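According to Swiss-Prot, the feature active site maps to D374. Per Swiss-Prot, ATP binding site is recorded for A318, P319, G320, V321, R322, G323, M324, K339, and the stated evidence type is sequence analysis.
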Amino acid sequence: MSQPWPAAEIARVILDGFDDYREHFRRITLGARERFEQARWQDIQRAAAARINLYEEKVAEVNGWLRKGFEGQVLLDVEQWPLVKNAYIRLIDPRLDDELSETWYNSLFCSLFSHDQISDGCMFIHTTRPSMRVHERAAQTRTYALTDRLKGLLRAIFADYAFDVPYGDLEADLSRLEEQLRECLPDWVCKDPQLKIELFTPVLYRNKGAYLVGRLYTPDEQWPLVIPLLHREGHGIEADALITDEAEVSIIFSFTRSYFMVDVPVPGEFVNFLKRILPGKHIAELYTSIGFYKHGKSEFYRALINHLANSDDRFVMAPGVRGMVMSVFTLPGFNTVFKIIKDRFSPSKTVDRATVIEKYRLVKSVDRVGRMADTQEFADFRFPQGKFDPECLAELLEVAPSTVSLEGDTVLIRHCWTERRMTPLNLYLEHASEGQVLEALEDYGLAIKQLAAANIFPGDMLLKNFGVTRHGRVVFYDYDEISFLTEVNFRHIPPPRYPEDEMSGEPWYSIGPHDVFPEEFPPFLFADIGQRRLFSRLHGELYDADYWKGLQEAIRAGKVIDVFPYRRKSR
């Protein structure tokens, strides 16, 4: 008599693996408070990278458990996997993180089977979870009412959010925050006896900062609220700002930032809380912002297929200069670009496909300091041919036939990255006012400086490789030539040996593979003479090799820079 197919046993192994992953994820996350209190800034960076890498490491580990525990012909009988899915659903129904466990199951399925075997019967292409569930548990938020003065309300907050390191000068902080609050909100709000503040109970940590996140509200209106805290070594903890502007808070949760460390027993409830105060953010971005980037990827994919099913949108080539390494296309009604690697690169490019993939994956694990767009990597996208503009599809088939192909009336994209769509900086400057040009070039230089101080050298710093977000921030998004700043050899151009050297079309000095000459930047970056002069006035030190060498020395000495995710006026 044949043995029953072990659907329940396979489902249990997958969920046990998820529990193991979540325990390790939580352990790293819970260490964030101690690292902040002890000012262990380099440990913070290492922990962030370790937590990102943890997911794939644990998927590989559980894949090994499954292959060891079940015979191949049993485990890999895909026709039986709807039984595994049903057994798994029964296991996760009582959980508080059940939406994440669906994504985990999908990752294990994809690690075992080729993508052409993906179906909603075998895995969770569409979620089986309700959008909002009510669980019996302790509240994840604290609420503070205005009883007398604003300062008293703020004092009550900081009494609840104490650390092992004391606040350096809490009275001064309270006075400053009260003043900022009065500047941010209408006078009637500050005097409204029904004014309340609701804060998420766990503190959010990222880089050198800790963040209290919540909202201010009256019966009629609400505003987001973020209070960033800094640990000034030797001077205690300081409340650095009070931010109520939705655009400013949105930037703090931007796709250009590293992921927060925050302990959230019920992730979906916290994401819904964030969604209420940041209605312009997609839930995919909010899940990603707190470290659940794989589930963010799931939510992104669901939003994409829903958009395609419910619109007449078609893929078109993205605006801007065609890439030398990547081909980029987009959906006009969906705020994302899709990037594929070309089969052949422009002759001036010395990288290969494997190097490009390595560079793009590197971006996931480094501190993006608000200046590099996050990416999601996908394999085996399948779309109806009718969803492509014919010229777009023809170009993709021409430049990347090993990646893009037609299977009947289906377009198969074997490998691609997605990024948030932005306006290319070169196109933005073409139509910008004088004031907008000044602001954009100021921010462009700051982006380069902040990336460099975080040990990232963009390599190709042309304007076309940077974009402008809806909030007006300049962000780098083309990663095929990035490297660690400490790997670059910055040099001054040697003086000419003879007068004839300056007239020669060839350099009179040797150039190594990692050599960079900042004096060559001005004509390389700017064809427009006016923009070149303006940028030289704003950020002329970028043309000096000694400036870059100074940054390298600071990085090698272990210095971790301060890059604030809120504008100076908020501080």
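First residue shown is number 1, and so on along the chain.
In case you wondered, yes, glycine gets a Cβ from its N, Cα and C as well.
Keep in mind that this is a model prediction, so the values were computed, not measured.
Overlay of Swiss-Prot annotations on the structure.
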residue	record	Cβ contacts under 8 Å, 6 or more apart
A318	ATP binding site	V328, F329, T330, V337, R421
P319	ATP binding site	P424, L427
G320	ATP binding site	V328, P424, N426, L427, K464
V321	ATP binding site	P424, N426, K464
R322	ATP binding site	none
G323	ATP binding site	K342, D478
M324	ATP binding site	F345, S346, S348, K349
K339	ATP binding site	M326, S327, V328, C416, W417, T418, E419
D374	active site	F255, T256, T288, Y293, V363, K364, R368, E419, R420
*Between any two of A318, P319, G320, V321, R322, G323, M324, K339, the residues recorded as binding ATP, what is the biggest Cα to Cα distance in Å?*
15
